[in-house]
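**Q** Structure provided below as C-alpha cells; questions to follow.
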Amino acid sequence: MTVIDDRDMMGAESSELSEAGARDYFELLKPRVMSLVVFTAFAGLVLAPGEINPILGLIAILCIAVGAGASGALNMWYDADIDAVMTRTAKRPIPSGRIAPREALAFGLTLSAFSVVILGLAVNWFSAGLLAFTIFFYAVVYTMWLKRSTPQNIVIGGAAGAFPPMLGWACVTGGVSLDSVILFLIIFLWTPAHFWALALFKMRDYGAVGIPMMPNVAGERSTKNQMIVYAVLTAAAAVAPFFTGLASAGYGIFAAVLSAIFVYCSFDVRRMPEGDEKMLPAKKMFAYSVLYLFAIFSGLLADHFAPALKAVISGVL
C-alpha cells in the first residue's frame, strides 16, 4: 500500500477547527524528543572548554529547545497523512483534528525563525547557523525526502538528532572540535539500533503507510545484523571521551559497562525468531536504548562535575 499523497485528506474539518489549546500546540513540539535534545545540548554546553554567561547559556538552551520543537511541528505538519493511518500517531493534534495543518505550519516556521535569530543575536551566529541547518535537515532532508524514499532514512536522518550536543558546544566555543564530533557520533550511531528496534515491532504500521523502514525493505534478519553493527559502533563512540581526555577512567568504565549491555541487547534481538508476534527483545532494546543514551550523557556530566564536588566536600570536612 502506498502513502496517501493528498495533503487535504483531513477534509474540511481540519481546515475549519475551533481554537486549539496550548496543550495541543505543546504536543506539536514533540516534548519527549525535545527533552532529549535539551539534555544533550546542555551536556555539550557544559563539557565545552571555556565559559559562557549563565544567562546566555540559558538563552542558548531555550533557543535550541524551541528550534527542536519547531522542527517537530514541521514534521507533524508534513506527516499528517501517514500519522492519521498509524496507530502510534493517530491521536496527534493534526490527524485528530485539534489543529489545522496550516496553523501547524505557521507555528513551526515562526518558531524556527525566532529560535535562530535570537540565538544569533544573543550568543553567536555560528551556533545559530548550525541550529538553522539542523531544523532544515530534520524538516526537509529527513521528513520530506529521506523518510519516504529510502530504508537508510534513519541512518542519514539521524544526524538531525545528533546535532544538539554540538550545538551546545558551539554556543560556548563558537565552533566545533574533535570532542564535539564524538558527542555527535554517540547519538548518530545510536539512532539506527534505537529506531530499528521500534520498527521491528511496528512493521505493520510502517508497511501500511508505505514508509520504507529497514525491516520492511531488507527483512528482519538483515535489520538485526545491522543493529549489532551499530550497537558496537555506538559502544566505541561512547567510551571515546576517555581516550580523548574529555572524561576520566571512571567514566570510561561506566560507559563500557552500559555499552556492553547495549550490545548484548542487540544480540538478544538477533536471537529473536523471525515473525515473533510479541517481539519482547526488540521492545526491551528500544526501552533500554533510551535509558542508555540518557545514562551516557549523565555520566559525562557527573564526571565533569566530580572534581568540583570533591573539592567542596573536602572543604566542608
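Backbone N, Cα and C define each Cβ position, glycine as well.
As listed in Swiss-Prot for this protein:
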- 33-53: transmembrane segment (TRANSMEM)
- 54-74: transmembrane segment (TRANSMEM)
- 117-137: transmembrane segment (TRANSMEM)
- 154-174: transmembrane segment (TRANSMEM)
- 181-201: transmembrane segment (TRANSMEM)
- 242-262: transmembrane segment (TRANSMEM)
- 285-305: transmembrane segment (TRANSMEM)
**Q** Can you find at least 3 Cβ pairs under 8 Å between the transmembrane segment (154-174) and the transmembrane segment (242-262), where each pair is 6 or more residues apart in sequence?
**A** no
**Q** Which listed stretch (181-201, 242-262, 285-305) has the most C-beta pairs under 8 A with the transmembrane segment (33-53)?
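**A** Comparing 181-201, 242-262, 285-305 against the transmembrane segment (33-53), the winner is 285-305.
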**Q** So which residues does the transmembrane segment (181-201) touch in its own chain, when a touch means Cβ under 8 Å and the partner is 6 or more beyond its ends?
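**A** Distant Cβ neighbours of the transmembrane segment (181-201) are 40, 43-44, 47, 154-155, 158-159, 161-166, 169, 213-216, 220, 223-224, 226-227, 230-231, 233-234, 237-238, 240-241, 244, 246, 262, 266, 269, 279, 282-283, 285-286, 289-290, 292-293, 296-297.
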**Q** Take the transmembrane segment (242-262) and find every residue of the same chain, 6 or more past its ends, with a Cβ under 8 Å from one of its Cβ atoms.
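**A** For the transmembrane segment (242-262), the nonlocal Cβ contacts are 47, 178-179, 182, 193, 231, 234-235, 288-289, 292, 295-296, 299-300, 302-304, 306.
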**Q** Excluding the flanking five residues on each side, which residues at least 6 beyond the ends of the transmembrane segment (54-74) place their CB within less than 8 Å of a CB in that stretch?
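**A** Here the qualifying positions are 28-31, 33-34, 37-38, 41-42, 45, 104-105, 107-112, 114-116, 118-119, 122-123, 127, 131, 134-135, 138-139, 143, 160, 164, 167-168, 171-172.
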